[in-house]
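Feature annotations, reproduced from TrEMBL:
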type	residues	note
DOMAIN	A:30-284	domain 'Endonuclease/exonuclease/phosphatase'
BINDING	A:N33, A:E61, A:D180, A:N182, A:D283, A:H284	Mg(2+) binding site
ACT_SITE	A:Y140	active site
ACT_SITE	A:D180	active site, proton donor/acceptor
ACT_SITE	A:H284	active site, proton acceptor
SITE	A:H284	site 'Interaction with DNA substrate'
Number of protein chains: 2
Amino acid sequence: MSLASEGIVQESGTAAGGAGIAVRQKLRIATVNVNGIRAAYKRGMEAWLAERDVDILCLQEVRAPDAIVRELLGDGWHILHAEAEAKGRAGVAIASRTAPVATRDHIGDDYFVTSGRWVEADFEIPSDGGTKTLTVVSAYVHSGQVDSPKQVDKYRFLDVMGNRLTELKTTKDYALVVGDLNVGHTTLDIKNWKGNVKKSGFLPEERAYFDRFFGDEHGWRDVHRSLAGEVAGPYTWWSWRGQAFDNDAGWRIDYHMATPELAAVASDAVVDRAETYDARFSDHAPLVVDYRF
Amino acid sequence: MSLASEGIVQESGTAAGGAGIAVRQKLRIATVNVNGIRAAYKRGMEAWLAERDVDILCLQEVRAPDAIVRELLGDGWHILHAEAEAKGRAGVAIASRTAPVATRDHIGDDYFVTSGRWVEADFEIPSDGGTKTLTVVSAYVHSGQVDSPKQVDKYRFLDVMGNRLTELKTTKDYALVVGDLNVGHTTLDIKNWKGNVKKSGFLPEERAYFDRFFGDEHGWRDVHRSLAGEVAGPYTWWSWRGQAFDNDAGWRIDYHMATPELAAVASDAVVDRAETYDARFSDHAPLVVDYRF
DNA sequence: CATGGTAAG
DNA sequence: CTTATCATG
């Protein structure tokens, strides 16, 4: 079934909102690195989700078998879950209130097939009487470590991701890549950026990928930055260590990357920093954006 | 320094207790498998120890590096600690208020040298103007599993232990072997013994070792059983699973094994089943006995 | 400083 | 069902 047929919220263009005069429909898309969905549920993720009325939920670091993910999320979701081959590691998912019309569970030809770091789901969006395709990706880039094989894998993944970004942008009506990309793009994205210029996550070579992704070469849009403006933060990840969270000594490494046509209909980007919710259920905060078609 | 010179509790034989007329001294010896001393301290072991006024504390399954054991127990103890070679595994210790005059950290020639399952400490006991030697052993027998190499190791350990029991009994004035011996001797020692006759811990072949240890062949005494009488229990271990503790579905696998001369001065054997204390800090309960010289 | 898997109990 | 360690984040 398509989004159009399964009850996407219809908003009216006027106050009265007469029946059938639907003008725009809102699609709320959230991404969050849950750092183990079992731990996240123990810490109150369910309450957050119940309150937030999300249409498409993108998860990273699920770190649980598929059966457990389905049991925890409960009924009412179409769940696409790419587990990592290594048990308890990585794992990305897209849970949607309506069924995707197509799905893909990896990028690249071979190396990243079982890494649990990339899933794609295509949704049908009603448009002027017809439909358009929205591709949503839940991505989890390697965390990296300077002078280690992890860093080599990270660059290799970013290379393959760049290729896929080009394909998505040229073949899909709307495309959105969300997730934990494990790189801060600019000095606005890390509270203590000066102390991290030689650390994986803020290396010049890593940041250059994002210059290309968000620059003329690829032409994607950084939705959260566009809506938040050129200010420091808001961050999406804080170390568990010390008082990083209380001091807001964070990193913005979770993104909504949208093609321009999609970015144009984005609004209300919010980092759910768990002050309005009961608990901090992960070291990452959810990043929630509404798209109106 | 010997016990005699470091302030063992002197008890008087009469109500008045005139100075210098010390008749008997009490030595309180406790054994407990702590199942990780760090976890035990988090669960309230310190409160138990503070309340119990123990002179010699024998520990099994310490499962922590020596520095941590010393930090947790704090000042005022002489600590003898045999770590296992494998980190976080086994480990036995004897903590005493007075210093031992000699110590040994294993049994056998080679195989069990780094297993962290046997420590011996010799203490001097004043006796008729002179001194006698009390050897205290903290022992941790393998837990075993039928048809596995663990069971082979368990029998091998019990064999070597039997040899050492003979040596101790013939060479020491008083000898006491305490600890988690991981075998229930008789049907009184396991609540559900019928369901466990084929399980490691209550195998006929294992029980036969204890028939010999406590029979004419070795001639040791089961202090706790002697004082408790021929009744079911009291048990010293309960599985964490289910309601085993609440239902008192336990095993008596922790012992005070004493040479006859020592057993003759034993009194007040108590299993600290954690109803009188704040918390159950281990799956084993401490077994505390007073010896009066 | 947290996650889950693991071996061991 | 709990322990500590491990690799990973």
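Any Cβ shown, glycine's included, is placed from N, Cα and C.
Comparing local CB density within 10 A for the binding-site residues A:E61, A:D283, the maximum falls on A:E61. In this structure, the C-alpha atom of A:N182 (Mg(2+) binding site) lies 8 angstrom from that of the residue listed as 'active site'. Cβ neighbours of A:N33 (Mg(2+) binding site) (same chain, under 8 Å, six or more residues apart in sequence): A:L59, A:Q60, A:E61, A:Y140, A:G179, A:D180, A:W237, A:D254, A:S282, A:D283, A:H284. Apart from A:N33, A:E61, A:D180, A:N182, A:D283, A:H284, the Mg(2+) site neighbourhood in this chain, defined by C-beta within 8 angstroms of the site C-beta centre, holds A:V32, A:V34, A:N35, A:Q60, A:Y140, A:W237, A:I253, A:D254, A:S282. Within 10 Å of the C-beta atom of A:H284 (Mg(2+) binding site) sit 25 other C-beta atoms, taking all shown protein chains into account. Listed recorded positions: A:Y140, A:D180, A:N182. The one with the lowest count of other Cβ atoms within 10 Å of its Cβ is A:N182. Per-residue pLDDT, averaged along the domain 'Endonuclease/exonuclease/phosphatase' (A:30-284), amounts to 95 for this model.
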